DNA sequence: TCCCAATTTGTAATCATTACATATTTACAA
DNA sequence: TTGTAAATATGTAATGATTACAAATTGGGA
């Protein structure tokens, strides 16, 4: 369900993807930061310890990891692309107030439609938006609504 | 279920949104072209009959229509923003082969997760990807897979 | 008709992403 | 160990969608 760093390394080896230093560090970052980071977040955090890191490299590596099936692209909003270690059976909830993205479990098998009976479905995404409990309680306390 | 041009005009009037010529034409375009067009498609098609139209205007109008709740943004892919007349209870399927986006009916009430019991959900999106029946039959006929 | 406010327009700026050429590293054979 | 070719990483420039902004146009009410 929640793949470990070692399992992911093994999966990449099986696909003949060379585990370079930068690739391992990006993979490690994604395992340790399951907060659906943007390229900018990944790059700026890793650059602190890999001073020569290039943002192009981060883009290249993410592309390879996505193609290898170990990382998933999340496009809840059109203006920010996020990346997530591939995990089965979950949806994403984005809080309109604080911007946090939460994972939630959902039974994808229930997600069927007669309209798609002749379609080959390879990828299911569920994105919700709204207000998270923490922001809800803040709003109730202050009695004012924070902007979107 | 499928709002008419007249119903949408009425909804905008109720929200005190002035129905300028350009706004009406964009709205009309979206009602007549329920193919989830991009800004580029909307702009280039409308420019044929509104020669003075500016792309900035299309962006402005779409923003207003989205805020008014009559149009929905679809971000299946991170690199292309699409727009859709607001319709309840449907998901979107994008064919990886031909790029067409299909609507399908789905019961959003079944889309629940215990993980979200304290969340206020305002927006549910379901995006599938795969191969549509037409492309599936093409692949079977020619026995070769078209690129992604 | 005139004037003010809303709307539209066009240009320039922004920003994420990609293209591409160069530099570096790695794997492997001699 | 050394040389070399291929793979990988890097940095800069280009691209392209979107936004900011200021000027032009339009529309409605006095």
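Quick reminder: no glycine exception, Cβ is built from N, Cα and C everywhere.
Record features (TrEMBL):
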BINDING   A:95, A:98, A:132, A:135  Zn(2+) binding site
Which entry in the list of binding-site residues, A:95, A:98, A:135, has its Cβ near the fewest other Cβ atoms, using 10 Å as the limit? A:98
Neighbourhood of residue A:132 (Zn(2+) binding site) by C-beta distance under 8 A, where only residues 6 or more apart in the same chain count: A:93, A:95, A:97, A:98, A:100, A:102
Taking 8 Å from the centroid of the Cβ atoms of A:95, A:98, A:132, A:135 as the cut-off, which other residues in that chain fall inside it around the Zn(2+) site? A:96, A:97, A:99, A:100, A:131, A:133, A:134, A:136
